[in-house]
Amino acid sequence: MKKKETNIAWVVAGLLLGIFVAAIDNTIVATAMATIVADLGGLDKFVWVTSAYMVAEMAGMPIFGKLSDMYGRKRFFIFGLIVFLTGSMLCGVAQNIVQLSLFRAIQGIGGGALVPIAFAIMFDLFPPEKRGKMGGFFGAVFGLSSIFGPLLGAYITDYFDWRWVFYINIPIGLLSFFFVTFFYRESPVHAKQKIDWWGVVTLVPAIICLMFALELGGNQYEWSSKVIIGLFSAFAVLFLLFLYVETKAKEPIISYHMFRKRLFAASNLVGFFSGATYIVATVYIPIFIQGVIGGSATNSGLVLLPMMLATTVSAQLGGFLANKMSYRNVMIIFTSIFIIGMFLLSTITVHTSRLMITLYMIITGLGVGASFSVLGMAAIHHFQHKDRGAASSTNSFLRSLGMTIGVTVFGIIQRNLFKHNLTDTFSGMSQAPQNLNFKDPRAILSPDTRSHIPEPVLDKITSALSSSIAHTFVWSLIPALLTLLFVMFMTNDQLSTNFRAQPVKINEGK
């Protein structure tokens, strides 16, 4: 018995490390992007570095989730780790931006397997009364990494070579590989079935078209350009074709019958809208600190630390409460706190102190953290072993999609507000900045750039930036309220009522 417990402890450690490297990757790279472009060049192509990873990751999530149901979770988690670490090593030796983008796609393919399969393995290993605690650990690591990434990325670029942004994944990933490979003894209870190839060949191109449209629109191409309209049109056609194909498939990648479960459907919608809202805080608070208050990338990341801790505590608490009350009631409590936090962030101005911003961030972190643990468990709640991978991957996919769309939509809103504020501020004034492009707020994040701007002009620019960010938080309250609305549609199930879905028996070692 002791041996089994030890094995499970090491398996959990391996899964948590796998989640950490996958979840942290995009945020840590985004922080280092300016340094990477300065070294490799390719300013006109840097968007592909992020796009390639996200496209590959999101395309892989539902596919690997379904494959893990069919052929076993361990082999696809290990496969994901190997591919992810190979991509990380290649990214570290990339000599130009095109190579880096291609290697990031390899990373993304592996990353798409890690988080959803890890959650499914957790449900397989533990009985209902322990899943809340473990879900809290998993959610805490996921929430922690999403905020810790920018801080670590800024620190590495400030004090080390940017290539360590990728190399740092290797020792962590190897530990995960070792623990899962040698301590997870998966029983062969999975059923081998026919792969839904038509689903694959319609879903993957659909995601590629959507992601590239969102990434390139407003950056390299106007939203009204033929390229962007063509990408959106192709997405619509391919996605409709995918939906049709899934109605005919014997083992669909995303099964309609899952959405007949109200808890599953509501949990996924909650994940989508909460992801779209939460990403606003993680993106624009650092910009506010750098652009309005003034400070380095590292210092702006430090302000997220209290939120990181609050998110971690909330994820643990949410998992604990899921054993005591329904998923619905847990999410009502924490989503309400989340909305309060986002509302408070919408009140920030140039005069708001760091202390108050920190307080608002703590409230926001407390509100959102529970979703990282509770929604994953709620999405899997009604499903047996053969469907848990697909259920978990669908939840991860929709949350990631929400975050991606949120970044794009609120980025458009913030840039337009900033541009409008600047136009109003400097209209008819001789001191208007003529030689600097301030349509993108990142133009004034650099201390060097700020030092060359006359103080009266800088004050007006920072005021315009502050107002645009605050009003962006106001707009973000719309998906936040939609999150609460869909929480109300969740059922009153709780972990302790899920006695039908017992853990899968594992071998206890050699």
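Even glycines carry a Cβ here, placed using N, Cα and C.
As written in TrEMBL, here are the features:
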- 7-34: transmembrane segment (TRANSMEM)
- 11-495: domain 'Major facilitator superfamily (MFS) profile' (DOMAIN)
- 46-64: transmembrane segment (TRANSMEM)
- 76-98: transmembrane segment (TRANSMEM)
- 104-123: transmembrane segment (TRANSMEM)
- 162-183: transmembrane segment (TRANSMEM)
- 195-214: transmembrane segment (TRANSMEM)
- 226-245: transmembrane segment (TRANSMEM)
- 266-289: transmembrane segment (TRANSMEM)
- 301-322: transmembrane segment (TRANSMEM)
- 329-351: transmembrane segment (TRANSMEM)
- 357-380: transmembrane segment (TRANSMEM)
- 469-490: transmembrane segment (TRANSMEM)
Task: Count the Cβ pairs between the transmembrane segment (104-123) and the transmembrane segment (469-490) that lie under 8 angstroms and are 6 or more residues apart in sequence, then report whether there are at least 3.
output: no
Proximity of the transmembrane segment (301-322) to the transmembrane segment (357-380), 3+ C-beta pairs under 8 angstroms: yes
Statement: If you count CB pairs under 8 A between the transmembrane segment (76-98) and each of 7-34, 46-64, 162-183, 195-214, 266-289, the winner is 162-183
Query: What is the average pLDDT across the domain 'Major facilitator superfamily (MFS) profile' (11-495)?
result: 82
Message: Quick test of the contact rule: Cβ under 8 Å, at least six residues beyond the ends. What residues does that give for the transmembrane segment (195-214)?
response: 51, 54-55, 58-59, 62-63, 66-67, 70, 228, 231-232, 234-235, 238-239, 241-242, 245-246, 248-254, 404-405, 408
- request: For the transmembrane segment (162-183), name the stretch out of 7-34, 226-245, 329-351, 357-380 with the most CB-CB pairs under 8 Å.
  value: 7-34
Query: What else in the chain is close to the transmembrane segment (46-64), if you only count residues 6 or more beyond its ends and a Cβ gap under 8 Å?
result: 22, 25-26, 29-30, 33, 36-37, 76, 80, 97-98, 100-102, 104-113, 115-117, 200, 203-204, 207-208, 211-212, 215-216, 219-220, 253-254, 389-390, 393-394, 396-397, 400-401, 404
- line: Top stretch by Cβ pairs under 8 Å to the transmembrane segment (266-289) (candidates 226-245, 329-351, 357-380) is 357-380
